[in-house]
């Protein structure tokens, strides 16, 4: 029969391992770290997983894009904030076979970062970068029982992005994000993307940029660096951006089209209204030149012709052509007016001579008491007069210009937009932008 005292002793013996395990697990991380770092040399890279002396360390990379804040066309750069993760195996840090009872699933030890070997990864296209340190440094480092290391850090970079602006503003831009070891060749470090999720996007990333939208990304491009010091393994992420066209439709194409249409009003103004037609032509031409300068100020100087240059050049040609058309019409009118003046003067001189020759041929005629009625021109007559081909050459030139110039501008638009859409569709893949 079990006595109360023996039952209490048995219960105490059953609870002792639980308490002991709790006290032991609180000390286990410190004991494991002390055991791992006792003979650890951070100056030596870890041996490969399948050999103790030779072979490269495989570094698996995963990137989470947290923010795309700016794409600067003038400086050809973009700003990105990301969580950069690297995984590799360091057999010297494996603690699953060290004899510890019930070891933790992993050790989170960011404070020992400076005591461990970490890949010397750098970003060749980076112009400026910084790590986030508020409230503490945004990074962590985990050690798993089999020696796998997970290193994660939040960084912000401004990276270069050489842009091809031939199709601006209907262009696609492919920006590369490269990472490579600075000192270790491919014999020492081999980079590879995480096969499950090489790149992650935070929800909403790429859709809130002012002028661009992130269309796609790829991670299969080869960027191995071959130099006189060796070959260095490299990983490349390509970001494909599409420029938002709606902004340029409202701010560029619509205003310039309206300026061209306004310049056509000159064809409908009387050819003798010199002040009005010249003022209209000069004003539209200066406005077109000002808009062209403002648009080019937002772009870097390049040595090739952009599709926006073709559009602006064509619009300026149509506006300038309207001014030249009036100059030609005015010149033709002045020539014909001079001819008429000479003919009129000749007729007056002829009549004067005929009067002097008439001596006795005068016949008395009583003064006329009749009245002359002038028919008023109706609105229909005015419209018919505008759309009826005149016989006077300067007026005939204006008449043809009212229809030929708009049709020419319409034909230019058809050719321009069809060509741009075809070229833009062909440039919508990263391979076409390499």
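Keep in mind that glycine also has a Cβ here, set from the backbone N, Cα and C atoms.
According to the topological domains annotated in Swiss-Prot, residue 160 and residue 303 fall on the same side of the membrane. Among the ranges 304-324, 325-345, 346-366, the stretch that Swiss-Prot annotates as transmembrane segment is 304-324. Each of the glycosylation sites 216, 426 was scored by the number of other CB atoms within 10 A of its CB, and the lowest score belongs to 426. Checking each of the disulfide-bonded residues 161, 223, 234 against residue 216 (N-linked glycosylation site) by C-alpha distance, the shortest gap belongs to 161. Taken residue by residue, the topological domain 'Cytoplasmic' (270-274) breaks down under DSSP into 1 helix, 0 strand, 4 coil.
Between the candidate disulfide-bonded residues, 175, 223, the densest Cβ environment within 10 Å is the one around 175. Distance between Cα atoms for residue 175 (disulfide bond) and residue 426 (N-linked glycosylation site): 17 Å, as a whole number. Each of the disulfide-bonded residues 161, 234 was ranked by the number of other C-beta atoms within 10 Å, and first place falls to 161. The Cα atom of residue 426 (N-linked glycosylation site) lies nearest to that of 161, taking the disulfide-bonded residues 161, 223, 234 as the candidates.
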